[in-house]
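The annotation compositional bias 'Basic and acidic residues' is assigned in TrEMBL to 22-31. The compositional bias 'Basic residues' feature in TrEMBL is assigned to 33-43. Per TrEMBL, domain 'PAZ' is recorded for 274-387. The region 'Disordered' annotation in TrEMBL covers 1-43, 141-166.
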Amino acid sequence: MESHNGEADDLPPPPPLNAGDEPVKAEETNKPSKPKRSLIQRKGFGKKGQPIRLVTNHFKVSLKNTEEFFYHYYVNLKYEDNTPVDRKGAGRSVIEKLQQTYATELANKDFAYDGEKSLFTIGALPQVNNEFTVVVEDVSTGKTPANGSPGNDSPPGSDRKRARRPYNTKTYKVELSFAAKIPMSAIAHALRGQESEHTQEAIRVIDIILRQHSAKQGCLLVRQSFFHNNPSNFVDLGGGVMGCRGFHSSFRATQSGLSLNIDVSTTMIVKPGPVVDFLITNQKVDHPQKIDWAKAKRSLKNLRIKISPSNAENKIVGLSDRPCRETMFTLKRRNGDNGDSEEISVYDHFVRNRGIELRYSGDLPCINVGKPKRPSYFPIELCNLVSLQRYTKALSTLQRSSLVEKSRQKPQERMSVLSDVLQRSNYDSEPMLMACGISIAKSFTEVDGRVLQAPKLKAGNGEDIFTRNGRWNFNNKRLIRASSVEKWAVVNFSARCNIRDLVRDLIKCGGMKGIKVEDPFDAFEENPSMRRAPAVRRVEDMFEQVKTKLPGAPKFLLCVLAERKNSDVYGPWKKKCLSEFGIVTQCVAPTRVNDQYLTNVLLKINAKLGGLNSMLQVESSPAMPLVSKVPTMILGMDVSHGSPGQSDVPSIAAVVSSREWPLISKYRASVRSQSPKMEMIDSLFKPRGTDDDEGLIKECLIDFYTSSGKRKPEQIIIFRDGVSESQFNQVLNIELDQIIEACKFLDEAWEPRFTLIVAQKNHHTKFFIPGDPNNVPPGTVVDNKICHPRNYDFYMCSHAGMIGTTRPTHYHILHDEIGFTPDDLQELVHSLSYVYQRSTTAISVVAPICYAHLAAAQVGQFIKFEEMSETSSSQGGHTSAGSVPVQELPRLHEKVKSSMFFC
C-alpha cells in the first residue's frame, strides 16, 4: 500500500488561509497561538508619472455557466492483481479508454484529468462508487514473449505489417472516489475581490482542462507549459541537449476579470535519434569505443526509446555488463513440442535468426528494457531515443548561455508568436471549456501604465549625474566617496596578462575618478609547477609567497585569473581572503583592457573598500518620504538553490541589510546554508541559551546600530525574493515572526514597524507598446487591470531592456505598518533600482535583492559541496526539509564582514 503522504500532494492545494501551517516545529505548537496576519488589501492606485498605453499577454476569458459545480474524484489505478500502478504516464491512456468503454455508465461526461490522481467532471457522475475494469492495448511496452528473450516474436520481414498480438493488452482496475465539490461561482467571486477557499481549486481545474487539451495533441507537459513535437522549435545546445520552445499558459484572477496568461517558454530535451549518437555528443568523444559506460548508464536510465524494426516503445532500465556478442540468453524454440531451447548471444540471435544486419553493436553493451530480474536485451544500434524527453541534469555554462541567446525574442516577434499560438491552439473546440461556458478572447489586453521620472543622482564634487533611458556614466566625473587603494599587491594565477601595464592603467584611471591608487607592493606570479595542481593547493602556495614577501597583511589583493567564468581557483581564493584573513579582493580576467573596463573594475573595488560611487539626491539631502525621517533599515532576503540537476546541494540563504542610515545605498550581507530546496529561511533567529542569538537578523541589527550613530531602526522594510504566491502566508507569519523575535531578543520593549514586500521575477506577464518595436521605457509601472483583484501588487520595469523582451518585476506588498502611499512605495522601489554600485544603469529589481543573490553565489563557492551532479532532479530529490545535517558555510572575517564584499 502506498503511504498516505504521497497522496496528499495530489489533492488540490489547501485553502489559501492555511497555506502557511506546515513548517511549525514540534516544540512551537504548544505555545498559545497568535492571531495570524493576513495579506493587506490594496490601498489605492499610484498617480505619478507620464501615462503610457500598453498591451499585455493576458487574454480575457468570459465565463457563462457559473451555476455549475466541478466534481473532484480521486483516481486509484491498479493492475489486475491489485498492485498499484507505478508507471508514470500510464494514467492518461487508461482514463481515455475508460471514457470510451463506459460512456453510457458515465453519462457521457467529459473528464478533466491531471495525469496523476485527480479527475474532474462538470456535475456529478451517476454512481457513488465507480469501479471499472479497463483493457488497454499496450503499445508502449512492446512486450516480448514471456521467456524474456529479445523480441523473436515475428519472422524477419513481417515486422512492418505486424498484427497486434493478443498479449499486447493490459488490464487495469480504475476506482474513482468522490473527493470534493467545487462551485464554479468561486471564480466569479474572486473576480469581485472575494476570494473563497475554492477559488484556487476552481482555477486549478480550468488549468488542468488546458493541459489536457495540449496532452491530447501529443505535447510534452512541464508544469504549466506545453511543448509541441515540432523540430522547428528545437535548437541544439551541444552535448546531446536541445532547447525546445513551447508555451506557458495559466488562468489568473485579475481586476478586470479572469484572464489567460500565455507566454513563450523554453525547456531542455534530450536530442532524439540513435542512442549511440546521443552518447558520443553527450560525452564529447569521437568514437563509440571511447564511451564511458558507467556514465552512459546514468544518463540513459529511464529514457524512452523506439526499437527498430518493430518500432515498439520501451523505457531503458540499464545496460548489459558484457558486449552484445557475449551477452547470452536462453532461446526457446516455438515449434518444438518438447520445449527444446538453446543458449545464444543477443548478437547472433539478431543477425542469424532475425536476419538483421548489425554494423557496430557487437562490441558495445546491449540496452536492457526488461525488468532488473528478467532482462530483455537489444543491440544498441536498433535503439533510437524518442523525441520530447526532458533533460533534467544541470547545464554547463556554455549550454546555458547558448540557450539564453537562442531563446531571446524582440517584443514584436514575441507578440506575433503568441497571437499565432492562440489561433492555432483552438481552445474553442475543447468540449470541457465549452461546457463551462468559457471563451477566450483573441486579442491582447490593453492596460494603462505610467512612466516614473528617473531619480536624480549625485557624483563627487557636488556634481549631478544625468540619466538617460536608465543609464549614465562617470565620464569626466569623480565618485561621490572615493576610497584609496593602499598597501596592496597583485597575484597572477598563470594568466597571460601584462601586469605592469594593467597596474599603470588602473592607477591612471583611478586618478581620474578620484580614487588614489598607490603603487602595489609587488606582483606575484604563480610558480609554473603549480599550474596543474588542485585549486586549493594553488591558492595556498600563492598565499605562502604573499606572506613571506610582504611586510604585513595587505589591505587589498588584485587577483588575475586565466578564465572569466568557472575558474576553479575563484572559490578557494575568495574563501582564503574573506574568511581566513579578512582581506578585500577583486578578481579580474582581462581580455580587452580599455577605459570602460577599468572604470567598471574600479566601481567594484571602491564599493568593496567602503566607498560609494554615486548616491540618490534624496539620500544626500535626506528627503525621502518616511525613510529619511526616522532610522529605517532595508533588508533584501533570498534563498538560492543548486541547479535542478543537483538534488542534494545545500540551499543558501542570504540576508542583506542597509547601514549608515540615512543612506540606502550601503549594504552588508550575512549568508548561511540550509537544507536542499528549502525555500523558507530557517536561520533568521537562532537562540543559543538565554543570552545569545546566532541568527542572520541579529547581525544586521547590530551592524545598523553601530553604523548609524547608535540608533535602532524604528522602521524595517523587507524585500523578499523568490517565493511563490502559495508561500506568501509562510513569509508573512513564520519569517516575519522570526525577525520580530530577533528584535525582541535584543530589547524586549523595542517594537519597530515593518513593511514586507515580495519581488517576483519568474512570472509570465510581459508588456508591449502597441505598434512600437521597442521595449517599454525604464520606470514603467502598472498597478491596474491585470493586477490582483484584492491584494496589493504592482509590476515595474525599472531597467532599459536592451535585448529580448523586458521582464517586469512583480512586487507584492504583504504587510505595511509604516503606512506608505502607493506613490511613495512605487517611487521607493524605483529609486532602489538606481543604487546598485556595480553598474551605471538602473537594474530590473531592487538592489538589496540583487546583492543577496551575489552574496549567496559568492559565499556558496567557498566550499565545494560534495555534489553528485549526475543525479537528475527527478530521482529522490526530495528529502524532507531539515532531515539531514547540512554542511555549514565558513563565516566572514571580522575585518570584511560589514563590507560590500559581494559587489
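Don't overthink the numbers, they just go from 1 along the chain as shown.
Quick reminder: no glycine exception, Cβ is built from N, Cα and C everywhere.
Since the structure is predicted, the reported quantities are computational estimates derived from the model, not experimental observations.
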Six or more residues beyond either end and a Cβ under 8 Å away: which residues meet both conditions relative to the compositional bias 'Basic residues' (33-43)?
17, 20, 728-729, 732-733, 736-737, 787-788, 790-793, 812-816, 821-822
Treating G and I as helix alongside H, and B as strand alongside E, what does DSSP give for the domain 'PAZ' (274-387) in helix, strand and coil?
36 helix, 34 strand, 44 coil
Would you report the average pLDDT that the model assigns to the domain 'PAZ' (274-387)?
88
Per DSSP, what is the residue tally for the compositional bias 'Basic residues' (33-43) in helix, strand and coil?
0 helix, 1 strand, 10 coil
